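Some features that Swiss-Prot has for this protein:
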REGION    5-135  region 'Several sort of repeats'
REGION    59-186  region 'Disordered'
COMPBIAS  59-161  compositional bias 'Low complexity'
REGION    162-311  region 'Charged'
COMPBIAS  166-175  compositional bias 'Basic and acidic residues'
REGION    199-264  region 'Disordered'
COMPBIAS  202-241  compositional bias 'Basic and acidic residues'
DOMAIN    316-541  domain 'tr-type G'
REGION    325-332  region 'G1'
BINDING   325-332, 402-406, 464-467  GTP binding site
REGION    381-385  region 'G2'
MOD_RES   Thr399  phosphothreonine
REGION    402-405  region 'G3'
REGION    464-467  region 'G4'
Amino acid sequence: MSQDQQQQQQFNANNLAGNVQNINLNAPAYDPAVQSYIPNTAQAFVPSAQPYIPGQQEQQFGQYGQQQQNYNQGGYNNYNNRGGYSNNRGGYNNSNRGGYSNYNSYNTNSNQGGYSNYNNNYANNSYNNNNNYNNNYNQGYNNYNSQPQGQDQQQETGSGQMSLEDYQKQQKESLNKLNTKPKKVLKLNLNSSTVKAPIVTKKKEEEPVNQESKTEEPAKEEIKNQEPAEAENKVEEESKVEAPTAAKPVSESEFPASTPKTEAKASKEVAAAAAALKKEVSQAKKESNVTNADALVKEQEEQIDASIVNDMFGGKDHMSIIFMGHVDAGKSTMGGNLLFLTGAVDKRTVEKYEREAKDAGRQGWYLSWIMDTNKEERNDGKTIEVGKSYFETDKRRYTILDAPGHKLYISEMIGGASQADVGVLVISSRKGEYEAGFERGGQSREHAILAKTQGVNKLVVVINKMDDPTVNWSKERYEECTTKLAMYLKGVGYQKGDVLFMPVSGYTGAGLKERVSQKDAPWYNGPSLLEYLDSMPLAVRKINDPFMLPISSKMKDLGTVIEGKIESGHVKKGQNLLVMPNKTQVEVTTIYNETEAEADSAFCGEQVRLRLRGIEEEDLSAGYVLSSINHPVKTVTRFEAQIAIVELKSILSTGFSCVMHVHTAIEEVTFTQLLHNLQKGTNRRSKKAPAFAKQGMKIIAVLETTEPVCIESYDDYPQLGRFTLRDQGQTIAIGKVTKLL
């Protein structure tokens, strides 16, 4: 055979081998000129591949619809397309350069492409959203990140041909790798309730940084792996978590699991995400702390130290005392004499009143005219409105509240008692007058009950008119009066240590400022009235609590002026407050203290007058409450209360209506439900609701008012949570608010 024939035969053999190679799927032709695109090239190294071009990854998904259109034209099942539809290799027509005639053979050897490994990794690599695409792409798309091992190795051999021995060796190595235990893949399951992973929302500023890191990854791998034989297959897990209520994805992380380095990198990414989240939380806490700190500083600036208040008034605290008792018991006379003895009224003024009273035929009433400034009160000799006067001693500042004793003006007495700290119950020892005031229907008994109900827990019982010729400082008469009173006051609720009895003479002043002379009453060695009041302990003043002032009266004097006692907190000139229940915001323009002088501030326990801006006088009413804006007083129409029935001729049942007096407010109230009956002695609640209530019973009931009323729970603010019920001109029950409904 000639040399030319041998060359021709060798050429034909080579040509035949090339044709077989093109037809056989086991060794498809490799064309270096065609760029091989492999998804996520950071995990699959191809020596002959061109450097990764940014934006090509978006083409992987952006041309999905176009690739699906070519699927029917080529008649080629896409799930066998060399590891997934993403491996386009420049287009569908170019990816099958060997033709379609051996399509079945191609499918039978598809294990070379790594589809057996697909079944092993399916559980871990499932995309979970593959139903959004055509079912024909379920397998290929879920495993698009698993580059077939056989194809990588074939491409690594370059453009040369592969012998049968090399193919068998390659297939054996592929099977051995497929049979090995898959490496653990680092997973981040954000939907699991048992795995606590940081959920980080990617900021827009961070996205370009992440893309650059992914773009630089192939170059790093190419530098590291210079020899094709050292290339390793990398398996990545991409987890996309989309919150159902969020407008943007919560997290998107890639975790390669081929080497410890990639695992460490993933751990660093998680740690970085956790650090970012921790930084955001700490920043939020810091801002919150700054806000809270500013609010705290502002609140501390508004708070007043009690020592500062004492220094403002020379260390003297304030006390409001109310003179109460039956009509003609001598209340106004005693109050006027106290003002004269303490220097609040000068001698010249008293002499003037004495001359005027003598001319009017009321010679013995001149001291009462100091308190009764109204002409009608002076003519009739009885107090109609609650008179207010101010005096000082060496230890304290006092406001006298002179309550009317007549039963027609009991409402005014209740309003005055609600503003008092200490009660002075004036009892006339003159024969006939004591019996009229203390027996049934007398105002001495009712005033004692009303004082207790309105929070007057300290009571001084002064037996007045001991200088009267019918008494003449008699010890027997004094003991007769005090014995009956002590038993009655104990039944009302006063403890033994809360009540003090003393004999006085309001007209002569004996026992008011100085002690009773031993010549007149050798049997009494107790203190005088002012001596006892100066030494009496007072309740703690809550000057830094929310401001509350029940309005007792109103007037128009160059604006709207209201008057009342500050029950809680303090007020400053220029401060904004809220009038409840009409929720009107007002500004305090002027503050007048007890001496009618202007002041910059006023504190809990003081009787003040405030000029307000922002509201008209006709929009106010007695019983409204001036409170702080941040903590306004509660306004309700229904509430639950504990009620003790003191005097009731008939029975009380659901639907019963009466008049309620609470602080300075007067409202009509109706019993809507009787809940429990309280057992005597233990106050244990009955399981069955009572059908009615009568005198002497204690019950829990639900009351409803016709108009909104400003009240608080008795446990929170006792001065705004106690009330009195009156019907047909008499007090029938007392109570306290237990729950607001």
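Counting begins at 1 with the first residue displayed.
Cβ coordinates are placed from backbone N, Cα and C, and glycine is handled just like the others.
Structure coloured by features recorded in Swiss-Prot.
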residue	record	DSSP class
Gly325	GTP binding site	strand
Lys331	GTP binding site	helix
Thr399	phosphothreonine	strand
His406	GTP binding site	coil
Met466	GTP binding site	coil
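Between Asp328 (GTP binding site) and Thr399 (phosphothreonine), the C-alpha separation comes to 21 Å.
Annotation for Gly325 (GTP binding site): spatial neighbours Lys331, Gly405, Leu425, Val426, Ile427, Ser428, Gly437, Gln443, Ser444, His447, criterion Cβ-Cβ under 8 Å with sequence separation of six or more.
Sequence-distant neighbours of Met466 (GTP binding site) (same chain, 6+ apart, CB under 8 A from its CB) are Ser429, Asn472, Trp473, Ser474, Tyr478, Pro503, Val504, Ser505, Ala510, Gly511, Asp520, Ala521. Between the recorded positions Thr399, Ala403, His406, the minimum number of other C-beta atoms within 10 Å of a residue's C-beta occurs at His406. For the pair Thr399 (phosphothreonine) and His406 (GTP binding site), the Cα-Cα distance reads 22 Å. Summed and averaged per residue, pLDDT over the region 'Charged' (162-311) gives 51.
Remark: secondary structure over the compositional bias 'Basic and acidic residues' (166-175) totals 10 helix, 0 strand, 0 coil, with classes taken from DSSP.
For the binding-site residues listed here (Asp328, Lys331), the lowest count of other CB atoms within 10 A around the CB belongs to Asp328.
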